[in-house]
Amino acid sequence: MNTAIILAAGKGTRMKAQLNKQYLLLKGKPIIIHTLEVFERSPLIDEIILVINKNDVELCKKNVLKKYRLRKVTKIINGGKERQASVLNGLSQINPKSQIVLIHDGARPLVTEEIIKSCIEGAKEYGAVSAGVPIKDTVKIIKEDGFVNFTPKRKDVWITQTPQAFKTEIIKNAHRFAATEDILGTDDAMLVEQMGVKVKMVVGDYENLKITTPEDLITAEAILNYKRRW
Ligand code: CTP
Ligand code: MG
């Protein structure tokens, strides 16, 4: 079986909103519901573990989730201080029969069933994958003083997205390894890489953006409007 861990335990500081960004409305529906519904719809997902912030329990359970039928959400658990700790909490709660784990940012509501499928197929074949897209701009790697260190070839640089998907044992081992070695990663694939296991990139979608700052919400609405029209 395949498990999705959906992360919604951040604080959303860069969004500068009154409430955690996952509960802001996107075309009249909370962002986190958009995200959960894509995973709920995917026939390849068997269970969803939702990781939330302790302070949002009431808001999430009583005011948001209750209104939507999400039968695959089997557990709602508290997150940790850092994203990595939230993932670790999620991993501790997955069904023992789970073979593939997808880890996804609740703040990426425009994920699609196609991306989920590619990630699961990729994880089965390669063990560890991340959704991503080739970069459009040229990237400069800089030094601390702001001068350019070097310019990587554009074709070699990809933007990382989520979902990231793994064989269960690999991601559990990677988090154990990170805890032992005191590694704090900004994504889960990084922990797998540091453990010495190869990660394959699978093609995501430029539209699979992470809602981080207020203008991202405007972009996401525009994308949804455009999709509905077509
Ligand atoms: N996240 C989490 N637990 C944390 C930190 C982040 O579950 N301790 C989740 C967020 O809820 C989000 C995803 O990880 O869905 C990506 O993180 P980010 O976009 O950075 O969200 P926040 O940390 O909430 O925002 P900010 O960094 O602006 O405070
Ligand atoms: Mg953050």
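In case you wondered, yes, glycine gets a Cβ from its N, Cα and C as well.
Per TrEMBL, these features apply:
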SITE      R14  site 'Transition state stabilizer'
SITE      K21  site 'Transition state stabilizer'
SITE      R154  site 'Positions MEP for the nucleophilic attack'
SITE      K210  site 'Positions MEP for the nucleophilic attack'
Fill in: Candidates R14, K21, R154: member of the recorded sites with the richest Cβ shell (10 Å)
K21
Discussion item. So, three-state DSSP: helix, strand or coil for K210 (site 'Positions MEP for the nucleophilic attack')?
Written reply: coil
Practice prompt. Reduce the DSSP letter at K21 (site 'Transition state stabilizer') to three states and note it down.
Written response: helix
Fill in: Rounded Cα separation (Å) that holds between K210 (site 'Positions MEP for the nucleophilic attack') and R14 (site 'Transition state stabilizer')
12
Worksheet item: K210 (site 'Positions MEP for the nucleophilic attack') has how many other Cβ neighbours within 10 Å of its own Cβ?
Response: 16
Response to the item:
Checking the recorded sites R14, R154, K210 against ligand 1, those whose Cβ falls under 6 Å of one of its atoms come out as R14, K210
Item to complete: Would you mind reading off the Cα separation of R154 (site 'Positions MEP for the nucleophilic attack') from K21 (site 'Transition state stabilizer'), to the nearest angstrom?
Response: 32
Practice prompt. Rounded to the nearest Å, what's the C-alpha distance separating R14 (site 'Transition state stabilizer') and K21 (site 'Transition state stabilizer')? Just drop the number here, would you?
Written response: 9
Discussion item. Using DSSP and collapsing to three states, where does R14 (site 'Transition state stabilizer') fall: helix, strand or coil?
Written reply: helix
